[in-house]
């Protein structure tokens, strides 16, 4: 049954005490019944304490006030109700708080402190055990000297410590100091954010790390260590970021390394050691099997010196970097009878190789450099990792490759594929022997006599040339001489920086010019020629359409349509439509008179006039007007003119003239000169302010004068 406690006066001890609602009072309130012995003070105190503890365990309504049990105990309420005092030193000062034990203190609202010197100061915190401390909101400390100081932290065990928000420490001396960390086991430590340490003496100090096993260490970011220590001395350890160590005394020290197996070790970055005592020291290395050692970068080892292993059941390799099996090796050995080389009678020079892993095959071949390879009579690979294949081929720079008779790759990482040919130099008109040559760093030349001479340049096609930096020439006799220029097509030419020529015999000779189509020409800076025979000579000019043309002195001209033309000397004009002709500055032409077209291909063009249709009504002064707007104006003019008619003589085409504010002149050769002057009639003249002349040849020359009638005069 739920019990509610109340405050009563104890006459025997002379103070207020807490008692059950079922208990009866004595002394000043009501005396004990006659004939019944009174209880001694110690017995009474024990009874009161027992009743109070029972009330704490069973009474739901009792939590409306604070409760303190113990020597010099004190209760405080925050709702205005009276406090209660029982002999003892326990203190419950938080609302609905509970303190049980000598020196226990529950100061947080809804907190519980149970045990001598227990302290629960956080909101709804719980401290259970001698000297236990729950300092965070919702924190729980269970066990002598346990400490939970973070929000909803949990410390369970002797001297367990949960020192951060959402931390959990379970086990004697366990410590979880990282945010959201968990330490489970005697002396386990989780100090990294969101880390997990499981097992006696396990340590997870890296953020998001996991250590599981006695003495396991996970110190790297996102590291995982699974396994116990060897003899309690040599721990399983994952110290590299994103490393994994699994097995007794396994060690993963490199970033992204993995060590699986007792005493395995992966110290190289991105390394893998799989098997007991396996060691992977090189970057990206793999050691497979017990005792295997991978000491070099990017290698796979299946054993060690003196303990080599076979790799069995290997499928036949199909790609250049695949492993081969014994069957393939034996077949290659059997095929050696098909390999032969000869030398000229005049030469006794043999093959020469100098440098690790170098290979030379053929008469007078030379492979000088680590990994250098030379195949073919007279072939020369003269740098580390250079490759020369073909008669008299030359690969002179590091990582360079030359394939083909007489081919030359002299730039670093350059590639030349092709042979030699005799050509006529277009400048000297003399015959020359050209070799395929890639002399620029990282350049590529593919095709007979192709040449790539600048950094990053590419020439593909017989006699193609890419001499500009990062230029590309693709096609027979194509040329890209401007930096970053592109020439695609037979005899295409990109001569200036950022120029582009696409199409057979297309030419982009201006900076940033673009020519697309057979025999197109873009000569001006930023010009565009699109369509067969299209030609642009002006800066920022555009010619689109077969045989369209914009002349060199027609800056900003645009010709759109087959046989369209922007005339010479015209700027910012547009010829719009097939055969259109723009011959004035800042004009847009949609047709043409009969003319001779002056494009690359000259031909007659018939006169063409075009309508401009679907024109919206103009709203600004410079807008085009449509027929609807014109008809509206004509209608107004017609309605006005039927009330006014005038004619002139055949001998004169002089019109009316006004000068001055509010002046009016009507009639052939009439003049109204002056403010408010009016001249009505052929030859009428009102030439003073306010003057009026009405009639044929009437004259009013005086101020405010009036002349009415034929030849009338007013001065």
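Each residue, glycine too, has its Cβ placed from N, Cα and C.
Database features, via TrEMBL:
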DOMAIN    148-174  domain 'Trimeric autotransporter adhesin YadA-like head'
DOMAIN    176-202  domain 'Trimeric autotransporter adhesin YadA-like head'
DOMAIN    204-228  domain 'Trimeric autotransporter adhesin YadA-like head'
DOMAIN    238-264  domain 'Trimeric autotransporter adhesin YadA-like head'
DOMAIN    266-292  domain 'Trimeric autotransporter adhesin YadA-like head'
DOMAIN    310-339  domain 'Trimeric autotransporter adhesin YadA-like stalk'
DOMAIN    438-462  domain 'Trimeric autotransporter adhesin YadA-like head'
DOMAIN    466-492  domain 'Trimeric autotransporter adhesin YadA-like head'
DOMAIN    499-520  domain 'Trimeric autotransporter adhesin YadA-like head'
DOMAIN    522-548  domain 'Trimeric autotransporter adhesin YadA-like head'
DOMAIN    572-592  domain 'Trimeric autotransporter adhesin YadA-like head'
DOMAIN    611-640  domain 'Trimeric autotransporter adhesin YadA-like stalk'
TRANSMEM  46-68  transmembrane segment
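For the domain 'Trimeric autotransporter adhesin YadA-like stalk' (611-640), same-chain residues at least 6 beyond its ends with a Cβ under 8 Å from one of its own Cβ atoms are 590. Across all of the domain 'Trimeric autotransporter adhesin YadA-like head' (466-492), the predicted model scores a mean pLDDT of 95.
As a quick check, the domain 'Trimeric autotransporter adhesin YadA-like head' (466-492) and the domain 'Trimeric autotransporter adhesin YadA-like head' (266-292) miss the bar of 3 or more Cβ pairs under 8 A, pairs 6 or more apart, so the two do not touch.
Under 8 Å from some Cβ of the domain 'Trimeric autotransporter adhesin YadA-like head' (176-202) lie the Cβ atoms of residues 150, 153, 155, 157, 161-170, 208-218, 228-229, all in the same chain and six or more residues away from its ends. Remote same-chain partners of the domain 'Trimeric autotransporter adhesin YadA-like head' (238-264), defined as residues 6 or more beyond its termini with a Cβ less than 8 Å from a stretch Cβ, comprise 206, 209, 211, 217-230, 270-280, 283, 287, 290. Outside the domain 'Trimeric autotransporter adhesin YadA-like head' (499-520), and at least 6 residues removed from its termini, the chain residues within Cβ reach (under 8 Å) are 475, 482, 485-493, 526-536, 539, 600. Each residue in the domain 'Trimeric autotransporter adhesin YadA-like head' (522-548) gets a DSSP state, and the totals come to 0 helix, 9 strand, 18 coil.
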